[in-house]
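If you look up TrEMBL, you'll see GLY107, ALA108, PHE140, ASP225, GLU226, ILE227, GLN228, THR284 marked as pyridoxal 5'-phosphate binding site. Taken from TrEMBL, the feature N(2)-acetyl-L-ornithine binding site covers ARG143, THR283. What TrEMBL records for LYS254 is N6-(pyridoxal phosphate)lysine.
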Amino acid sequence: MSETMKKYIDEAEKALLHTYNRYQIVLDKGDGVYLYDLDGKKYLDFVAGIAVFAFGYNCKDYNDALKNQIDKLLHTSNYYYNVPAIEAAKKLKEVSQMDRVFFTNSGAEAVEGALKTARKYAYLKDGKNDHEIIAMNHSFHGRTFGALSVTGNPHYREAFEPMIGNIKFADLNDFDSVLACVNEKTCAIIMETVQGEGGIFPADKEFLAKVRKLCDEKDILLILDEIQCGMGRTGSMFAWQRYGIKPDIMTTAKALGCGVPVGAFLMTEKVGANSLVAGDHGTTYGGNPFACAAINKVLDLFKQDNIIENVNAVAPYLEKRLDELVDKYDFILTRRGVGLMQGLVFNRPVAEVINKALEKGLILINAGAEIIRFVPPLVITKKNVDDMIEILDSCLGSL
Ligand SMILES: *Cc1c(COP(=O)(O)O)cnc(C)c1O
């Protein structure tokens, strides 16, 4: 490592609050599916800023759209209309089949809005303040108090108790465990359609169908968190669109902005007309013209560049090549995932493999201590997959 890079890392550790154990590189620029550190070393990127950079780095169309908006208008507050937000909302409604959009600055904030919407909906029905929400074990919904309260990882919550309260946890794909949590106070069930941070666990089709039916029978709102698995990653615009069901509320973020920090929660007309009203919720920056110029361009590029077609073309190949590694190494137990959201499950911690890969110019990330997660840019090619496998294989071989 150069002296310059080392100096920056030392300075970072003196100035930034240490809430991340960071890899020992300073990233400087990106181009396509490659990142470069300060020393000019090139990395093939299979993380994409954690499922963010759908089009890869330095995408000209996208950059130009942002630059144009910067020169025009960055921010207005939500007390006035702006064209990028109106366009973005229309486009997002179309691809999500939902009816009402609220733009946020992050994923966690979208989850907060979804939870508030569900509580308000229930409150308007019975005037009570004791409603319960069912969430899933191993889930991840963000780090703010509401989102953390429904995050099914006790380790993340422990030091910050008490949480918002009236949350019960069930197991994904175990319908009986959900039923056991339901009572007349239940106002919502929240889950990721494909669990990300918790270890890449897709919801079963049958499970989700049963949860949907239960919600319909009891007028419980189904909230699907599509922050990581949405935006084309699993081969449809939103993961739930492959399940033959529809949520009442959904959240999106990460690849929605492709680098600009944005999120949104969306709902059906029925929920929109019976929940939040003027004065109930707000944000200063959320949905500003700059952020919405990003969303507009992202949604345009998904169509224009046939992003979802590429996911569906490349994902089976990624699965095949990862399965070969499962067969080859007995310390790899299995692969699971959907589309370009895949996990390799090891019988041991994967930190060493990830560090070795980084040395060899491949950026990977874990999802839990023993799972390597693959969430590359959605524009990767089969050749990129081959290059990734070659490096990973060489790291595994030397274990
Ligand atoms: C990343 C993530 C969040 C939180 O999003 P932030 O933008 O980091 O607040 C919430 N839910 C899921 C499923 C995520 O993957």
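Cβ coordinates come from backbone N, Cα and C, glycine included.
Owing to the predicted nature of the structure, the values given are computational and were not obtained by experimental measurement.
Feature map: TrEMBL annotations on the structure.
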residue	record	Cβ contacts under 8 Å, 6 or more apart
GLY107	pyridoxal 5'-phosphate binding site	HIS141, GLY142, ALA147, ILE227, THR251, ALA253, LYS254, GLY263
ALA108	pyridoxal 5'-phosphate binding site	HIS141, GLY142, ARG143, THR144, ALA147, GLY263
PHE140	pyridoxal 5'-phosphate binding site	THR151, GLY152, ASN153, GLU192, GLN195, GLY196, GLU197, GLY198
ASP225	pyridoxal 5'-phosphate binding site	VAL111, ALA114, SER139, HIS141, ILE190, MET191, GLU192, THR193, MET250, THR251
GLN228	pyridoxal 5'-phosphate binding site	ILE50, ALA51, GLU192, VAL194, GLY196, GLU197, LYS254, MET341, VAL375
THR283	N(2)-acetyl-L-ornithine binding site	ASN78, PHE103, THR104, ASN105, GLU109
THR284	pyridoxal 5'-phosphate binding site	SER77, ASN78
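Taking the recorded positions ARG143, LYS254 in turn, the residue surrounded by the fewest other Cβ atoms inside 10 Å of its Cβ turns out to be ARG143.
Sequence-distant neighbours of GLU226 (pyridoxal 5'-phosphate binding site) (same chain, 6+ residues apart, CB-CB distance under 8 A): GLU192, THR193, PHE238, ALA239, TRP240, MET250, THR251, THR252. Taking a Cβ distance under 6 Å to any atom of ligand 1 as the criterion, the binding-site residues GLU226, THR283, THR284 reduce to none. When Cβ atoms from all protein chains are considered, those within 10 Å of ILE227 (pyridoxal 5'-phosphate binding site) total 29, not counting its own. Classification of PHE140 (pyridoxal 5'-phosphate binding site) by DSSP places it in coil, neither helical nor stranded. Secondary structure at ASP225 (pyridoxal 5'-phosphate binding site), taken from DSSP and collapsed to helix, strand or coil, is strand.
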